[in-house]
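**Student:** Handing you a structure now.
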Amino acid sequence: MTITNEGARAQIGVTGLAVMGSNIARNLARHGHTVALHNRSIAKTDALIAEHGGDGDFVRTETVEEFVAALQKPRRVLIMVKAGDPTDAVIEELAAAMEPGDIIIDGGNALYTDTIRREASLRERGLHFVGAGISGGEEGALNGPSIMPGGPKESYEALGPLLESIAAQVDGTPCCTHIGPDGSGHFVKMVHNGIEYADMQLIGEAYNLFRDALGYDADKIAEVFTEWNSGDLESYLVEITAEVLKQKDAKTGKALVDVIVDAAEQKGTGRWTVKSALDLGVPVTGIAEAVFARALSGSREQRKAAVGLASGQLADKPADAAQFTEDIRQALYASKVVAYAQGFDQIAAGSAEYDWDLHPADLATIWRGGCIIRARFLNRIKDAYDENPTLPSLILAPYFRDAIETAIDSWRRVVSTATLLGIPVPAFASSLSYYDALRAERLPAALTQGQRDFFGAHTYERTDAEGKFHTLWSGDRSEVQA
Ligand code: NBP
């Protein structure tokens with residue numbers, strides 16, 4: 001069918017009207033944009049119009065052809081459907097109905113390598129494809145998310161003002177900027193989610209220490225998090241932690257957190273971050289521990305069977321609760337610095353691998369609002385990268401270097417006390433070990449190289465000469481240049 005867009009009046013279309021898509025469509029409409037609506041099953045479109053039609057100017061469409069015909073040129077369509085095959089199916093249907101110069105935006109949580117593939121294929125057909133990471137959950141989608149659009153720079157000219165108008169704003173700056181080519185937007189969103197996993201795990205470990213080392217109940221722990229939220233740790237995740245801890249279960253009257261099963265689930269972006277980090281050779285140890293901690297919590301049968309295993313001689317609980325509370329706060333802050341440092345390392349490695357020319361300060365800027373990891377802390381990260389865009393590690397920025405110096409004794413006390421009490425702190429401990437490894441003058445990797453050369457003739461470098469060397473281990477053990 002030939003599609004004309006005579007009388008087309010929508011500036012953008014949204015297809016996929018489940019919770020995220022409908023909230024973004026409403027956000028767009030509330031900002032004065034005329035929005036064409038489409039969903040595979042018409043019921044969601046009608047529900048949106050029935051319940052929220054008053055939010056702005058919507059164009060109801062049933063078929064893809066009607067949807068495309070409702071859009072002004074260049075047509076802009078935001079896809080908000082389930083990631084994976086559904087996204088490919090929707091792209092194919094849209095591409096068949098659209099024209100060169102039109103823009104397809106995938107706002108779902110796509111795997112960045114899928115976005116690279118889709119962008120290349122649509123470019124060949126003359127269409128612009130923008131993989132846009134969107135963070136902030138359903139509330140952010142409605143009231144202002146953080147948006148990370150990748151894809152061709154030219155398409156951002158047509159799209160940027162529209163996306164920036166609906167993004168969260170911090171100090172008058174929108175939490176949306178063009179990230180870089182093809183899959184970079186989704187890559188950055190993936191790492192954002194990886195950092196989110198680490199941050200949540202660290203908060204969880206702090207909570208666990210209050211509960212098991214200090215014997216605090218949920219209300220008392222909520223008070224601590226509320227207080228922390230007015231200092232350096234101020235962040236969305238710390239704020240909602242206090243809210244969750246305060247919540248009472250209507251059925252039992254207990255704290256809700258005490259009746260929730262302690263098995264955490266995941267949808268996959270944390271796992272993707274770690275897989276990608278493995279491929280890129282970036283040690284994102286904090287993020288990896290967080291992903292594994294969720295997996296361990298979900299191993300319910302194994303855990304049940306292991307309850308009661310030997311704990312060793314446990315130490316006494318900390319005598320000075322106020323000091324230990326401050327120690328946990330410092331350990332949380334320092335470990336959080338490590339998680340972000342590792343995430344930004346992964347972004348730098350991805351940027352180099354795919355030639356994306358990503359700018360860390362821009363990312364810190366657009367993560368200050370709207371997204372799940374929004375935090376006061378991000379201003380410090382932005383300042384650090386503004387001052388030195390090629391920082392070898394965030395840990396080396398003067399502000400964070402000093403913060404860790406202040407925290408280091410507390411951090412060690414927390415990890416050692418937790419270990420002596422038999423309380424698991426995988427993310428606190430691995431972050432501290434990462435820090436110690438990074439600052440070490442000499443690592444045991446020299447021995448590893450010796451072993452590799454012994455069994456596999458993999459060669460090694462010397463501290464005092466250029467080139468590669470091999471020891472004739474099964475011969476006279478003399479050294480030869482490789
Ligand atoms: P879902 O991820 O639950 O997807 C539901 C939508 O996909 C519905 O509109 C459904 O249409 C449509 N759909 C499916 Br399923 N298969 C389809 C197909 N083959 N063809 C056409 N449409 C199809 O929705 P969501 O939770 O709103 O998330 C949307 C996207 O945003 C996802 O990629 C998600 O990962 C991402 N995201 C979600 C969040 C969050 O907090 N939930 C945050 C950030 C990003 P139907 O109504 O006809 O079944």
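Note that Cβ sites are derived from N, Cα and C of the backbone, with glycine treated the same way.
No curator has checked TrEMBL annotations; they are predicted automatically.
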**Student:** Look at the substrate binding annotation in TrEMBL, where Asn109, Ser135, Gly136, Gly137, His192, Asn193, Tyr197, Lys267, Arg452, His458 are given, and name the residue from Arg294, Arg300, Arg477 listed for that site too.
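**Tutor:** My reading of TrEMBL gives Arg294 as the candidate in that site.
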**Student:** If the criterion is a C-beta within less than 6 angstroms of any ligand 1 atom, which of the recorded positions Lys189, Tyr197, Arg294, His458 pass it? List them in sequence order.
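**Tutor:** List returned for ligand 1: none.
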**Student:** What is the number of other Cβ atoms found within 10 Å of the Cβ of Asn109 (NADP(+) binding site)?
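**Tutor:** Around Asn109 (NADP(+) binding site), other Cβ atoms within 10 Å: 21.
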**Student:** Looking at the binding-site residues listed here (Gly16, Met20, Asn39), whose Cα lies nearest to that of Gly136 (substrate binding site)?
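**Tutor:** Nearest candidate: Met20.
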**Student:** If we count other C-beta atoms within 10 Å, could you say which of the binding-site residues Ala18, Met20 has the fewest?
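**Tutor:** Taking Ala18, Met20 as the binding-site residues, the minimal 10 Å Cβ count falls on Ala18.
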**Student:** Cα-Cα separation of Glu196 (active site, proton donor) and Lys189 (active site, proton acceptor), in Å?
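**Tutor:** One finds 10 Å between the Cα atoms of these residues.
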**Student:** For Tyr197 (substrate binding site), what is the secondary structure state per DSSP, taken as helix, strand or coil?
**Tutor:** helix
